[in-house]
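Feature list (source: TrEMBL):
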type	residues	note
TRANSMEM	7-30	transmembrane segment
TRANSMEM	79-105	transmembrane segment
TRANSMEM	117-140	transmembrane segment
TRANSMEM	160-182	transmembrane segment
TRANSMEM	219-240	transmembrane segment
TRANSMEM	246-266	transmembrane segment
TRANSMEM	287-309	transmembrane segment
TRANSMEM	329-351	transmembrane segment
TRANSMEM	372-391	transmembrane segment
Amino acid sequence: MGLIARQIVGLVLCIVGFLGVIIVCAIPMWRVTSFIQANIVTAQIIWDGLWMNCVMQSTGQMQCKIQDSLLVLSQDLQAARALIVISIVVGALGIFVALLGARFTGHMENESSKAKLVITGGVICIISGVLCLIPVSWTAATIISDFYNPLLISSEKRELGAAIYIGWGTSGLLLIGGSVLCTTCPPQDDRYQYQPYSASRSAEGRKDTAMVSVKRQMLGLILAMIGFLGVIIVCALPMWRVTAFIGANIVTAQIIWEGLWMNCVMQSTGQMQCKIYDSLLILPQDLQAARALTVISIVVSAFGILLAIVGGKCTNFMEDEVSKAKVAIASGVMFIIAGVLCLIPVCWSANAIIRDFYNPLLTEAQRRELGASLYIGWGAAALLLLGGGLLCSSCPPKNEDEYPVKYSQARSAATSKAYV
């Protein structure tokens with residue numbers, strides 16, 4: 001009962017910390033206007049967050065504006081966006097894994113496997129806490145260094161916002177909850193309770209191993225199929241480059257989207273006009289390469305899905321388990337190749353956009369922002385790599401056919417004849 005209570009406490013702490021990270025990501029209170037001396041204008045309070053900034057007037061009215069561009073943010077807030085979102089995803093995964101292996105759930109019967117899942121969930125929650133702690137501490141250090149910078153005027157200085165304190169608290173909860181989950185190992189006496197039944201244990205162990213292998217293959221195939229659909233979306237969406245909103249001089253009456261096959265212009269009235277590219281050679285080098293690599297990634301992913309279905313343990317296309325495992329491993333390799341083929345053009349285009357964004361020789365109208373296709377491409381590539389890695393680990397047990405049953409009967413018969 002003490003072990004169950006410890007797991008419940010660890011899960012509750014991790015869930016509360018996970019909700020806290022979501023709050024930290026959402027509220028625009030990372031930086032707040034600092035009140036220094038009597039010269040600062042206190043008629044309004046400015047809040048800066050990851051996704052928007054808000055201004056509260058002395059009358060109580062508040063106006064919020066979403067950040068138009070990621071690249072105009074300071075480096076600490078740019079990193080905070082990515083790390084906080086990753087922390088949320090990792091925290092959700094850790095809670096899910098810990099719930100699968102918790103003793104008060106019936107998803108698994110093997111206590112040793114349950115304990116390993118709980119420990120894995122605890123480690124993932126600790127990683128989530130560290131991913132939240134890094135951007136919060138980085139932003140706090142930047143605010144404090146700017147606060148004591150004598151070169152900055154009072155109106156440019158900011159104060160630590162509520163999101164910073166909530167982030168520290170939620171990071172602590174995730175670290176403590178993950179540590180508690182990591183201490184929930186089963187008693188060592190459990191290892192010796194099943195020694196008299198070694199034969200039945202080996203049969204049950206093979207069944208458990210086969211079930212785990214089937215689930216691993218299904219999970220890998222599902223992740224790879226989602227990544228495959230993501231690559232198709234990346235190839236089709238004309239949102240690789242989006243008009244960057246910088247300052248007050250850029251014309252915001254229209255938004256320009258550029259993709260692999262067409263570019264679109266959305267007017268302030270809501271009307272959109274799209275035009276297919278007349279020639280491949282008018283595209284920049286990164287988008288020319290992205291066309292080819294993305295299409296090849298789609299073809300390779302489709303071929304990998306076909307191999308994964310043929311070599312899956314839950315299908316009957318092949319009877320030989322060893323051949324099935326080889327086909328499944330081949331499909332995993334295909335998915336990894338497809339993920340790399342998707343990752344290369346996405347990173348190349350992102351690098352070109354960022355380089356042009358900070359190029360002082362370009363005008364503001366020539367600069368572009370990272371589009372939604374790039375973020376979807378990173379996610380799709382990660383899913384393909386994860387799915388391929390899971391499929392590559394679906395090997396049959398090495399000791400499955402080492403001792404065939406037919407030899408044991410012959411040896412026993414020979415022994416009985418010798419004694420006769």
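Don't overthink the numbers, they just go from 1 along the chain as shown.
Quick reminder: no glycine exception, Cβ is built from N, Cα and C everywhere.
Remember, it's a predicted structure, so these values are computed and weren't measured experimentally.
Spatially, the transmembrane segment (117-140) is adjacent to the transmembrane segment (7-30); three or more Cβ-Cβ distances between them are under 8 Å for residues at least 6 apart in sequence. Below 8 angstroms of C-beta separation, residues 47-54, 64, 77, 80, 84-85, 87-88, 91-92, 94-95, 98-99, 102-104, 118, 121-122, 125, 128-129, 132, 136, 139, 161-164, 166-167, 169-174, 176-181, 184 of the same chain, each at least six residues beyond the ends of the transmembrane segment (7-30), sit close to that stretch.
Counted over residue pairs separated by six or more positions, the transmembrane segment (219-240) shares at least 3 Cβ pairs under 8 angstroms with the transmembrane segment (372-391), which defines the two as touching.
Recorded stretches compared: 79-105, 160-182, 287-309; the one with the most Cβ pairs under 8 Å to the transmembrane segment (372-391) is 287-309.
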